[in-house]
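Q: The structure's right below; bear with me while I get my questions together.
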Ligand SMILES: Nc1ncnc2c1ncn2[C@@H]1O[C@H](COP(=O)(O)OP(=O)(O)OP(=O)(O)O)[C@@H](O)[C@H]1O
């Protein structure tokens, strides 16, 4: 088959879905097509400039890079042309027919068919070039790659209904022209859908200016003049530059408007929404560079994909070098987007050189410092926004506790936790791309009844603490049930020496754990941790601001000064009283437990399991097993509650002591979220005992 042959090819399934969704649900965002086309054109110019660093001949004498936009009112077309790098046949098929992003399939499987919901999801994905089909019934892309012969141009045409054609053409100019044949008004029977206003040169110019003012490449449109005879604006035939054409990040901060920062963010991220916050600085000294870093409002669809390719763009003296320069930002801040422009790096810098470079190390440290400062500022001054950030990226930030020991303290101060000192909240909706604040509901199952009712008086404040604690509580109310370690400390009981936490597979599981009973009784707040990353994070976070962090389910529980002398004495007496029972249980349960102890933790439950001081926690063990890792067998310590009637009864039990003790251990295992080794035996024993007690 000759290359010039015209081929008809099908879009990848996901693109078909994307096109269908876009055409039918993104009409109200239709103008974004222009931003996407201008962004792509500007990227293509950046790429050519970069490739030409090594091979000047790619310019073929024309290094004056630009973008040209033209309207043909009669033909109802808009075209966007650039003299950037262009595409050859293979690239056009690959780039404009498939979405080669990992995670895409899973992303599309989340779409529900509910247009409003899906439209907001699609915002996380970034529709790019395909957004042209929101306004165009036919899109034609003509292109020739820099360095290719004139007869190696391509024409790609599609009406967005599942197929595209591609043919080889002769094209004089290097670069790409995208021509949109606009839809008819009320196309597809959608009443009120009109497209003619896009042909109004004045309006279009305003749109173009909106979307391109911050772009470093000049964008040109045909100049127009008022014709008094014809009483209309007519093109003069001259091209005029409509944007400022100066790299936004190089402009002084006070000359850039919020709107421009916002638009620039959308340009580099293809995000539907603007950013949550940004930081823009010119750094001088040991290393000279400019950084413009943004924090998005929502997580991208591939946040958990460590291969994801977005991130920070690296420029060297205004020349684009690479996308997603991962050396510029550590993994735990991978949600940050933006631009770094270095004055020191060589233009021929490669990814390999970046790894070694001292300048890059300085820039990376500078980026981390700025982002953490920005987050501190949000946490301090824009609490609702910080909560939004936390919900979107908190789990990623937690990785920093282990990854970045230098900044551990700072990161720890930015952590937020659910806690027993706050009402239960059930997430009914994840943060979405529509800008709506995430919703939460307070559950009414009464588990934490006292706390729900006493919403005003959270654990510590109820004790009449000072002003700081009250201020801290005020903040808590704005914080969607999340508190910081500093707030926890401010609410600590007199005599409390540790920050207590519990880990579990879910927040609900954590809240119901028997390990919390004594803490509830004494009104001590406990942090509830249920993210996968938590166990790992906690293995790196042993203290905060001088106060140790302690698991409520580990080792000998020592409540220190929170227990008075009388309580301590009573415990000792009980321990002596139950010594025989403990020994009998140890002998009976044998290898199944590491030890048996009389518990200080329990008030309601008969028994619970605890981990040894240095043992792996049960939650971590389960996680590792789920991940298919071999885990050394860990024997739990069984704690029994001397005040529980079942345990009291055991003291005088003879005939069925074995069954009773097994049952006690199995119960404790289940309450801990664990799995029984012999569930059938458990059921049999329970039924036997039930029957025996009913006789
Ligand atoms: N004007 C152009 N010149 C050269 N290549 C282009 C042009 N427009 C698009 N492309 C190619 O097509 C690809 C797909 O474009 P598209 O806008 O869909 O996504 P993107 O810009 O890569 O990514 P995203 O929108 O997700 O950030 C681009 O990555 C680029 O390789």
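Counting starts with 1 at the first residue shown.
A Cβ is built for glycine as well, from the same backbone N, Cα and C atoms used for every other residue.
Model, not experiment: these values are computed from the prediction.
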Q: Quick test of your reading of TrEMBL: among 394-413, 414-433, 434-453, 454-473, where does it put region 'Disordered'?
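A: Here TrEMBL associates region 'Disordered' with the stretch 454-473.
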Q: Would you mind giving the whole-number mean pLDDT across the domain 'Histidine kinase/HSP90-like ATPase' (29-186)?
A: 89
Q: Which binding-site residues from the set 82, 95, 127, 129, 351 have a C-beta atom lying less than 6 Å away from ligand 1?
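A: Going through 82, 95, 127, 129, 351 in sequence order, those close to ligand 1 turn out to be 82, 95, 129.
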Q: Could you tell me which three-state DSSP class residue 82 (ATP binding site) falls into?
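A: It is in a strand.
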Q: Treating G and I as helix alongside H, and B as strand alongside E, what does DSSP give for the region 'C' (623-695) in helix, strand and coil?
A: 42 helix, 4 strand, 27 coil
Q: Within 10 Å of the Cβ of residue 82 (ATP binding site), how many other Cβ atoms can be counted across all chains shown?
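A: Around residue 82 (ATP binding site), other Cβ atoms within 10 Å: 29.
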Q: When you measure from the Cβ of residue 351 (ATP binding site), which residues in the chain that are at least 6 apart have a Cβ under 8 Å away?
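A: Correct list: 322, 325, 327.
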